[in-house]
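So the structure is just underneath, and the comments pick up after that.
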């Protein structure tokens, strides 16, 4: 009897990897499987009030708590401040590896052997030159074109140079050919620094430099940025290594906005150039690729160390924002920020201290000793130091998102490769909750009533000088009968006299 009772107790307390949902509208109970701490949203479709209903959906603005793929690329534990690429701690990779080796790791899953590494480096560096027509296109941009706009446009244009790489032209199954896939990886990783360097040189009005394939990846990038006429120019090794570390820690970060964009666009089976251009477009946004620039503006606004206590009080009072602190994922110190803090000291030892760094260091010290920020788990993130480093290295702020895009392309391509190999791959198709009107009947234009509350806003825009001149002219002249009507600004004679005085000639209705 006791044995039977024990069995009953075991059955009662047996752990089940399921979630039980009770629909209080119907009283029905649903059991949903739990795997890897997740439930499938499609399982909730079975929960219906009536059999003809669509079913229950999960509402999650911004995908804040939604997993859209299974991945083996990057692991993050935000509570403990852990970041790993393919299981390797970011601290070890930043200290011991190189950007190209990390790129290989992200894309192919393992660290390369010496032979694989040599071949990989050679393949990438042999694809650093860009087509002369692409160079001509870049030279056609305005002198003050933003480098990120030039990079996005050039990436997109590259898809037209390689039609054999476009599934829309060459067939949806072309990337079952791994050699063809590898070719596009070599091209994108090889040519991105060249495009970025050309965009930078374009802004400062200097001729573009050809790549030097005898140099390392980041060394070659700095060479293309800074070489003047020297035949043997070589960037300083401290700067090269610092940039390599920056590239390593920016190479991937799980499903951030731009990487999620890569997966969404790539789910259509579009070519990787178009997908990378879309991802770079997402990174261009100030909430993604522009956060480190916002940190610099904050530090410059603080001005001196003496102003920091006042600034911190204003942050607590919600009068100021503390940029570079806190993260959507990390609830402890961002491991990338720890690495960059060391890199910052290396750069300053070579180039001299930046006054902003002194402000940043004191701001961090005071914030991390204040219970207000500790209780809210606000710690420095990667953007807090990256902008200071880039500025100290002499990069203008409009190059910051470009410097983010070059290394992040390795992560984008890793996710592209993984996604195309996923047997569960389907085109992304999020759902919406429709909140608008229904069952409206079409009303002829003459019978419609103007909605006064927004009639002036729907088509409003800033007026250019062209618009203002046209508006005044259309008020002044009646082109149909040649009459010049009175306007709110004055009579015909007053307006005519004003215009005649400005242009020094008589105005007639036919002079237009």
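Here the Cβ of each residue, glycine as well, is placed from N, Cα and C on the backbone.
Small disclaimer: the values here were computed from a predicted structure and weren't measured.
For 288 (among others), the entry in Swiss-Prot reads active site, with the evidence type sequence analysis. Reduced to three states, the DSSP call for residue 288 (active site) is coil.
Annotation source Swiss-Prot lists active site at 327 (among others). Secondary structure from DSSP puts residue 327 (active site) in coil. For residue 327 (active site), the Cβ neighbour count at a 10 Å cut-off comes to 23, with all displayed protein chains included.
The active site annotation in Swiss-Prot covers 383 (among others). DSSP assigns residue 383 (active site) to a helical segment in the three-state reduction.
What Swiss-Prot lists as region 'Disordered' is 483-512.
What Swiss-Prot records for 488-501 is compositional bias 'Polar residues'.
Here the C-alpha separation of residue 327 (active site) and residue 383 (active site) works out to 10 Å. Here the C-alpha separation of residue 288 (active site) and residue 383 (active site) works out to 10 Å. Other Cβ atoms within 10 Å of the Cβ of residue 383 (active site), summed over all protein chains shown, number 26.
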